[in-house]
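Record features (TrEMBL):
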type	residues	note
COMPBIAS	1-15	compositional bias 'Basic residues'
COMPBIAS	127-146	compositional bias 'Acidic residues'
DOMAIN	44-110	domain 'Histone-binding protein RBBP4-like N-terminal'
REGION	1-23	region 'Disordered'
REGION	121-156	region 'Disordered'
REPEAT	268-310	repeat 'WD'
REPEAT	359-401	repeat 'WD'
Amino acid sequence: MVREKNRKKSKRKNKKIEDSSSSVIPSIPTRVWQPGVDTLEDGEELQCDPSVYNSLHGFHVGWPCLSFDILGDKLDLNRTEFPHTVYMVAGTQAEKAAHNSIGLFKITNVSGKRRDVVPKTLATGEDGMEDDDDEESSDSDEEGDNEASKTPNIQVRRVAHHGCVNRIRAMPQNSHICVSWGDSGHVQVWDMSSHLNALAGSDTEGKDGTSPVLNQAPLANFSGHKDEGYAIDWSPATAGRLLSGDCKSMIHLWEPASGSWTVDPIPFAGHTASVEDLQWSPAEENVFASCSVDGSIAVWDIRLGKSPALSFKAHNADVNVISWNRLASCMLASGSDDGTFSIRDLRLIKGGDAVVAHFEYHKHPITSIEWSAHEPSTLAVTSGDNQLTIWDLSLEKDEEEEAEFKAQTKEQVNTPQDLPPQLLFVHQGQKDLKELHWNNQIPGMIISTAADGFNILMPYNIQNTLPSDLAA
């Protein structure tokens, strides 16, 4: 399987050669940029290679939104035709508490183009390579045509939220119901149906972020946590069931009750430090997992009391995030403050070492990790090193296939040899990456958020490796 290892390439700036016999500028071969390994030399600059994306867009909406969620919509499942429409919810991190809000977004006209893993001209043995100047000229001409029609249209409705939003999640069964964890120590549940209906029914409502911030009371407000927190998760099996965890190591269970929620005042207790993330089991409605600054992961059964059913040391540093594989429910991924992330087969926990994969590629804290909704062996990771990486655990190094690919591409790119075979893609360009989510209804689409805004990306080699019924 062909792997696109990086979207950044290093290219030397053109310099005029002082030669009276020729004014031709020699072509410098491109090479893949390795962050944390390579350094820029004098006269070099990094350039994004747009050819490795089926779609790539970036936008910002004022204050940074360091947590968000993609909302399920009433459009088709497994959409593959451009342009796309996406709905999402996000919470701000403003300088003053009173300036924060929750934003409901409708993003339309997400344009793109399906690309082949290997260009057809190369696969057939024809010489399809053009020099850099020709490619850049062609790209510029293409971008110049109807550029406005290729730019996503963004509409937003805002609801006032006192204090920064640490994390926000939408209920999978009813995406208009959202829960926010605030730095004020309050966990609040919101009904956003009126705002989503207004966005769905209009192409101009809240366009360009011009709508005012609206005041609205939450459906429920829990102030029983002893400190602020970040960990929240809706149950995928029981609509309305919710967990919230705080920086004092406590976890509370919410149960839906006649249009509101009842929160168990007695918390689940087992960690010795902040609970950083929570994940309900995709297979068992009463089971959930938690991770903590104490370096451990715990698995709980709400029928068995307030102590964990099992707990184990997962990393040598804080465990920041976890993700439970919805397509292979025995697999749990975790990301640590030391930059490592691991995959465990929970069936092997009691027998000893359950780690089936461990990666030390990132050198800064892992800030987000999530399994693909369409491919059970694929997951994506964000890190404090400003990289979003995509991994396919089913990949192994294939010398013959790599040699064939190099022959087809005439070794146009000098690919590093020491990257893990499972590393499928590297996306860069955002600063202080915090969170990513796969779009469950658009195979191959990822949205990420950082201090400088959002990116919507669809790497070409992700969509080309999806099952044929999803990638068509």
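Using the three backbone atoms N, Cα and C, a Cβ is placed for every residue, glycine included.
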Sort the residues of the repeat 'WD' (359-401) into helix, strand and coil with DSSP and give the three counts. 3 helix, 18 strand, 22 coil
Using DSSP, how many residues of the repeat 'WD' (268-310) fall into helix, strand and coil, respectively? 3 helix, 21 strand, 19 coil
Go ahead and report the DSSP secondary structure tallies for the domain 'Histone-binding protein RBBP4-like N-terminal' (44-110): helix first, then strand, then coil. 6 helix, 35 strand, 26 coil
